[in-house]
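Listed in TrEMBL:
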type     : residues               : note
BINDING  : His111, His166, His247 : Fe cation binding site
COMPBIAS : 412-429                : compositional bias 'Basic and acidic residues'
REGION   : 407-429                : region 'Disordered'
Amino acid sequence: MKYEDASIDLQVCSWAFKAGRCFFRSRYVRTEAFMAEQEAGRMLFRGAFSVGNPSGGRFFNPLDLRIKSIANTNVVHWGGRTLALHEVMTPKTLGPTSAPSGKAALSSASHARLCREDDGSRRLIGSTFAEGLTKGTLTFLEYGEDLQVLFKTTAELPGAGFGFFHDMLVTDHYYIALENPMRLDLSKMATQYALGRACLAECLKYDPAKRTKIHLIPRPGRSGCHCAAGKAGKRVTLETEPLFCFHHVNAFEEPGSERVMMDCLAMSGGVDFGADFGNLSAEFFQRALWRTALTRLTLDPAGGRVGVSRIAEQQSMEMPSLAPACSGRPYRYAYVTSSRFVGPRGWGPPQVMYPFVNTPTVFVSLFCFTDAVPARRQGADESAIGSSGRLERWSPGRDSFAQEAIFVPRTGRGDSSDDKGNDVDDRRSEDEGWLLAPVFRSASMTTDLVILDAADVAAGPVATIHLPHHIPIGKSLKTLPYSNWHP
């Protein structure tokens, strides 16, 4: 399943598989705002990236800071329901029929992680963030498998009102949230936003004079924590050099120590919400400093330190995914989309699919500079290569753009349970599964869904589903029980 990005309505796309055949359909989530605009036949509500009056009228009220209610943050299947999540509002329940989407029993969760407990039970952990001029408030909710709220944790963060908490991570004993070094540009609000010449998002500015903060918030109901924060039961806030993160890869507590490893895709040059993505060129990518780099943050709660290790700085990467059983635990493999270009100045939009290998001490990566020749023989960025391991890419072609992939474990392998419900935790089978990823073909203006062997991505697709049309670029896929979405 897939959905759209930014401040637009969520379009859910479904590929259902049975007996070697695939059935595709798509539908927008029927939020109240979407239905009102459908009836009016025009835009009525402003989004975070809308400039001026979205309805096209002359009157613009800059004091009205309300944003359109859109459930486009995430899609999860939990408690027998498929839910479209919202940044601050109640999620919407998606149904396999044409009936309007209804409200969910889930109270709130804009960003969610699925975790397996030591007793074999599963948890859905969601977070929401409330902005304020002087502080920000993070709320974490842990749901049982029947949608009951098991724990609720609230953390008030002074000065974090504009920290842009877009993602979060969960380990055995921590919720982890990264506070980006952002500030509100009051001058731009007064001179451009108030006159309808800029959107609200453009008034958020990356501030390299500020430090990036990582908040480690102890999870309630945990025991046996070896970490400093867990012993004290208090939040620990660590600071590091300024960097900006949209998406995180994974985090885990290092066995036998108090350190926490946090892997993310970080921009050392910040971000610019005013960038013109409707007029991209090679010069745009050469000028822009805010490309992402695979980055490991080594968090030391006891010592109050953060170690920063940038891996593969020559390559821009985004949209990470990994085997679901490895969320919050030590892991070996993850998968990202990446630019085709390699070099200190050249980068571009995500086009190719990369797996990378994570050794106990460092990421190990190997880049190939052509699509047809194995990376080791063609050349590699030695600064990003360790003593073992490799990274092989698959490219769909110069005019094609791979999107975020989802890892689907083979039955009983690389997942946290087998087909009989027995617990499985075999790290050796971590890459035994399939990667499913939409690929936009710009030459034909169509979209394919490709299926790759996660253990041999460079070999290319084992199957491809061709659509006769394109679907909008999205940012997330989920697997659902087939019985919920079959034709």
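For all residues, glycine too, the Cβ spot is worked out from N, Cα and C.
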Completion exercise
CB neighbours within 10 A of His247 (Fe cation binding site), counting all protein chains shown, number 18
Problem - Cβ neighbours of His166 (Fe cation binding site) where a neighbour is any other Cβ within 10 Å - result: 18
Fill in the blank from the handout: By a three-class reduction of DSSP, His247 (Fe cation binding site) is assigned strand
